[in-house]
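Annotation source TrEMBL lists transmembrane segment at 50-76, 117-137, 143-164, 224-245, 265-286, 298-319, 335-358, 370-393, 399-421, 428-449, 469-487, 539-560. The domain 'Major facilitator superfamily (MFS) profile' annotation in TrEMBL covers 53-565. Feature annotation from TrEMBL assigns region 'Disordered' to 600-671. The annotation compositional bias 'Low complexity' is assigned in TrEMBL to 603-626. Residues or ranges marked as compositional bias 'Basic and acidic residues' in TrEMBL: 638-651.
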Amino acid sequence: MKRSTILQRRAGRVWEELPDDWEKTICSPPSQPLEPTTEERREYLTPVQVPIVVASITMGAFLLLLDSTIISTAIPQITSEFHSLKDVGWYGAAYQLSSAALQPLVGKLFTIFDIKFAYLTFFLIFQVGSVVCAVTTSSLILILGRIIAGMGVAGMFAGGMLIVSSCIKPESRALCTGIMMGWELNDIAPFAAADHHYVLGGQLGLVSGPLIGGVLTERLSWRWCFYINLPLGALIFGGTAFVKLPNPAPLRPLRDVLPTLHRDLDLVGFLLVAPAVSLLLVALEWGGTGEYAWDSPMLIGLFWSAAALAAAFAGWICYRGDDALIPPRLLKNRIVMACCGVTLAVMGASFVATYWLPIYFQTIKGDTPIWSGVHLLPNVIPSLIMSIVTGALMGKFGYYLPFAVAGGAVTALAGALLNTLTPSSTAVAWATFQAVLGIGRGLAAQTGWFALSHVVPPETLPVAVSLNIFFQYLVGSVLLTVAQVVFTTSFRAELPRRIPGVDVDAIIAAGASGVRTSAVPLDKLADVVGVYSTSVAKVFLLPAMMGVVLFVAALFSGWIDTRRKYEKWPGQVHAVEERDDEEDLTWSEKLDEVRSVYAADQPADNDSKAPSSSPPSHSDAAAAARAMDHTNAWQPSLDRRQSWSKEDQKHVLQMSSLDGAKTAPGFSEKQ
């Protein structure tokens, strides 16, 4: 249906409903001042509340990081107590799996329920998981606790990003995002390796997690690695529970939500995508750790099952449309998908570098776990500083695309430089290469999140944020498995050429730390370390590739000045809908529309020209109908007067017919 036909129909309704005294009513001034625009109606945190809330959610993000890495130094005692060496990989994988599987549902929950209620609910779930891990009596219960904690993590991270994106004024949003991302750039990456010393997360959590875990395990008990979440969690709860957090968009009353909750959440879609993600990650976990061969019937079955469920989910969301768990319109939006591409590329490069740099330091350079953490500071510190600086600059100049493009170029360069590392590389070399990587990551890490908060309407923002995190989890998992395959393939091919007759499987099974202990004879150690170095260097090509992906994705993320107020959202995901039903507006609201348009057309010199008592012109009626059409179909997220562009006004005012509409007094039957 053409827009002009819709306008004609709506304008006709207006005239049909006009009361007998329409002339007097319309010609009088509006009874109330014009409503403020959507941006003006938005509530934001006060200057006093901002530092409290930002500190709380940043501490929450750091706590998630800490929880993902602190267990690494506790695993030896855990496996000794429960005799569960075979379960080591699941201590991290269970945490990751539940987070990724629940992520698509998180976005829907934040669109339906109060943002503070949802965030604190996920926070309490995380705390319950921590308590279960702390009081566990078996390895199975510990894994269950990690699953529960991971479910809480899914909502805490998405909720934290959503609070920054929707509750803080646009001019301060970039700086706050930079501060938060500076602490959590490699947010939740509890990916398990064959050697448990490298269950690493990133940034400050990467350094402090193993150190704090080692102290707690040695001085108290490994259980305190989980008990520590309780006092820190109390501070987070206090910083958010007693502050009113504005919601991104108006919420429906709870009594209206509950009867249709199962449809609003799209539980069918969730029951399709959650098993698909879980099966994929389980297959990657088993294949990456060597528990099953990649061509084994078990892994083939898992991959095909995941693909079948993913195909069913794709068909389901096409059928459900915009009510689906992941709206297809969001997936088709260029800017939104480019922002997701920027984030997943940054995080993918971070995951791989964070995981394999400690292996380089501990296995190839012979560092202890503590010193390997210290040697990662050239990577961490520039990233922290650049994240904050970039956030401040984006807030000042308004454009995020240049920083994302520069971050992609620098990240690609850093990956290429890391590829040149050898056992004889100097401290200046590996420190400089890491600093370049940190600068690239700091330049681009928050740009995707920052862009989404400015290009997506508030009511769609929670789903967009969760979609961004979902891709981040998925790509991070796949990249780490690819990195493991690249390393293993290179190591298996190169080592027999260097040392004929060597037992490659035994050396791989010894883990990275075992290479320098009893697994390799001293006279063969230099050759094995050299092969290790060559294989690890090939892995660092993946961050270089992610830098290229980041560069390309950034080019499509939109040249948008976030300081401006656009007449429609640059990442608009709402289509023009054909509505044949009656308007939801009351008669008084419709009348205010007509009055406001009529008043706008009156001469500015009110002293010399009094308001006319003649009927409003044909264009006035059409303009009023166009304004109401804008309200209900075109721009549901913006104030109708704000979104009524000059072009729209010109188009409507030039309309010359109202086919099918009741002719108003003073109009001829045919214009």
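The backbone N, Cα and C atoms fix where each Cβ goes, glycine too.
TrEMBL does not curate its annotations; it predicts them automatically.
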Next item on the list: Could you name the stretch, out of 224-245, 265-286, 428-449, with the greatest number of CB pairs under 8 A to the transmembrane segment (399-421)?
Entry: 428-449
Checklist line | Among the ranges 117-137, 335-358, 469-487, the one whose Cβ pairs under 8 Å to the transmembrane segment (265-286) are most numerous | finding: 469-487
Note to self: Should anything in the same chain at least six residues away from the transmembrane segment (469-487) have a Cβ under 8 Å from its Cβ atoms, list it; otherwise answer none.
What the structure shows: 96, 99-100, 103-104, 106, 154, 157-158, 161, 187-189, 191, 193, 277, 280-281, 284, 287-289, 340, 343-344, 347-348, 351-352, 355-356, 535-536, 538-539, 541-542, 546
Notebook entry, point to check: Ranking 143-164, 224-245, 298-319, 428-449 by Cβ pairs under 8 Å to the transmembrane segment (117-137), which is first?
Noted result: 143-164
Notebook entry, point to check: Taking 3+ C-beta pairs under 8 angstroms (sequence gap of 6 or more) as contact, is the transmembrane segment (335-358) in contact with the transmembrane segment (428-449)?
Noted result: yes
Item checked: Overall pLDDT for the domain 'Major facilitator superfamily (MFS) profile' (53-565), taken as the rounded mean -> 77
